[in-house]
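Colleague: The feature signal peptide is assigned by Swiss-Prot to 1-20, with sequence analysis given as support. Residues annotated as disulfide bond in Swiss-Prot, with similarity to another entry given as evidence: Cys47-Cys340, Cys211-Cys227, Cys365-Cys376, Cys370-Cys427, Cys429-Cys438. Residues or ranges marked as N-linked glycosylation site in Swiss-Prot: Asn74, Asn103, Asn357. Annotation source Swiss-Prot lists active site, proton donor at Glu135, citing similarity to another entry. The annotation domain 'EGF-like' is assigned in Swiss-Prot to 361-439. Summarising the annotation, Swiss-Prot assigns GPI-anchor amidated glycine to Gly448 and lists sequence analysis as the type of evidence.
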Amino acid sequence: MRAGPGPTVTLALVLAVSWAMELKPTAPPIFTGRPFVVAWDVPTQDCGPRLKVPLDLNAFDVQASPNEGFVNQNITIFYRDRLGLYPRFDSAGRSVHGGVPQNVSLWAHRKMLQKRVEHYIRTQESAGLAVIDWEDWRPVWVRNWQDKDVYRRLSRQLVASRHPDWPPDRIVKQAQYEFEFAAQQFMLETLRYVKAVRPRHLWGFYLFPDCYNHDYVQNWESYTGRCPDVEVARNDQLAWLWAESTALFPSVYLDETLASSRHGRNFVSFRVQEALRVARTHHANHALPVYVFTRPTYSRRLTGLSEMDLISTIGESAALGAAGVILWGDAGYTTSTETCQYLKDYLTRLLVPYVVNVSWATQYCSRAQCHGHGRCVRRNPSASTFLHLSTNSFRLVPGHAPGEPQLRPVGELSWADIDHLQTHFRCQCYLGWSGEQCQWDHRQAAGGASEAWAGSHLTSLLALAALAFTWTL
């Protein structure tokens, strides 16, 4: 009898199969065609006209504002009072729309959904991102801790009022069932309805999935950033939500405690990795696009992220294979001339140069490695390798003529650049394309005919290497 494969071979095979499964095709870019989008969703519209501090935001693929008065934007955030009849308790402890999902009329909720969606997204034809930001309660019962325990208490009271003779453990079990069932129905009905009304938008819930890896405060010395196993399992309980979503919107807001530390990168990396795991696990033939919410400053402070933390947030998200990042901010960014001037200086000095670098590096990798039909994904998620323009090959130069971008990269591809990309990154193809370099076009295949070949990878590399590649916006 022949000996079977050794443990090393078996492990390698398992890892290879696992990694191949991870790289399901995903949705193509919906805005500029870039594989990695950087969006500015900060209410800075008053800096120029009101406070006389104009901001140059042309480096961002999308510019939007989360403020109430803005409609028909490429990114629309539906806060709790902007979409349907979201049940909750207000800050005074008063019940709103029944308090818990068990008390909501889905019929009345759907009726209000249509009115609000049509107000904020006024045409069916436009494509964009639609983010539902409901944070008062969580659909998994056990996650409603601390101030969210009010939703469990009311759920228990509802059951106890109907069954006063039941023992406490039975009341808790029934309350959990009723709450989770109603929460699931409420969220699913919401997604199904809004997708039908605005089908060209990508819909999902903000902060889903979460990783619950905030234990750096208690365990700084031993902090790894990993998502607790129990929270990964609880995310899998939400398979019904991932199956109905068309995009995922995790959050990686950095507390100043994590500033310029390895823990900051670990915090972000595992949150994004968990979102990407969920994105590829719950759909048979494709992976959901992941758009990562971050802030240009640290949480609760108007202090711009350091260069190290821009790499740990924007750079890490790009290298892991996210579809983009959304830089979000609130009204605190534009309270005075001083805050606007601080943002202007920070944009010019650090943020815009880094955004331009990463935006073009991801596009460059997509063209060189994936024929422009996919995005580059780090082979080893834990590696310290990023999609940055090589300083030996490219430089950023300012635009001078009217209408020119603030910065543009100029340079040419080198063999060292090609080798670096091939060694550290591989392709995740867009839907309709396959192959190691996304060279097979399935969109043109019909009736068993062989797929169209998008071109030899080696030929494209030789051509790129031969060209003096000048990047212009």
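Glycine is treated like the rest: Cβ placed from N, Cα and C.
Burial and contacts for the listed features, if you can.
Modeller: According to DSSP, Cys340 (disulfide bond) is assigned to a helical segment. Packing around Cys340 (disulfide bond) is summarised by its Cβ count: 22 other Cβ atoms lie within 10 angstroms of its Cβ, all protein chains included.
Around Asn74 (N-linked glycosylation site), the C-beta neighbours below 8 angstroms that are at least 6 residues distant in the chain are Phe31, Ala39, Val62, Ala64, Gly128, Leu129.
Within the same chain, residues at least six positions away from Asn103 (N-linked glycosylation site) with a Cβ under 8 Å of its Cβ are Pro87, His97, Leu158.
According to DSSP, Glu135 (active site, proton donor) sits in a coil region rather than a helix or strand. The Cβ of Glu135 (active site, proton donor) has Arg80, Tyr206, Leu207 as same-chain neighbours under 8 Å, each 6 or more residues away in sequence.
Cys211 (disulfide bond) is surrounded by 24 other CB atoms, counting those within 10 A of its CB over all protein chains shown.
Non-local contacts of Asn357 (N-linked glycosylation site) by the CB criterion (under 8 A, 6+ apart in sequence, same chain) comprise His388, Leu389, Leu396, Pro409.
Looking only at the domain 'EGF-like' (361-439), the predicted model's pLDDT averages out at 93.
Long-range Cβ proximity for Cys365 (disulfide bond), meaning a same-chain Cβ under 8 A and a gap of 6 or more residues, is found for Pro35, Arg375, Cys376, Leu387, Leu421, Phe425.
According to DSSP, Cys427 (disulfide bond) is assigned to a strand segment. Annotation for Cys427 (disulfide bond): same-chain Cβ neighbours under 8 Å, separated by at least 6 residues, are Leu23, Gln369, Cys370, Gly374, Arg375, Cys376, Val377, Glu436, Gln437, Cys438.
The secondary structure of Cys438 (disulfide bond), as reduced to three states from DSSP, is coil rather than helix or strand.
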Colleague: Looking at the disulfide-bonded residues listed here (Cys47, Cys340, Cys429), whose Cα lies nearest to that of Cys227 (disulfide bond)?
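Modeller: That would be Cys429, the closest of Cys47, Cys340, Cys429 to Cys227 (disulfide bond).
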Colleague: Spatially, and counting Cα to Cα, which of the disulfide-bonded residues is closest to Cys429 (disulfide bond)? Options: Cys47, Cys211, Cys340.
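Modeller: The smallest Cα gap between Cys429 (disulfide bond) and any of the disulfide-bonded residues is with Cys211.
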Colleague: To the nearest Å, how far is the Cα of Cys47 (disulfide bond) from the Cα of Cys211 (disulfide bond)?
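Modeller: Counting only the Cα atoms, the answer is 35 Å.
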Colleague: Across all the protein chains here, work out how many other Cβ atoms are within 10 Å of the Cβ of Cys376 (disulfide bond).
Modeller: 26
Colleague: With every protein chain in view, what's the tally of Cβ atoms within 10 Å of the Cβ of Cys429 (disulfide bond), excluding that atom itself?
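Modeller: Result for Cys429 (disulfide bond): 24 neighbouring Cβ atoms inside 10 Å.
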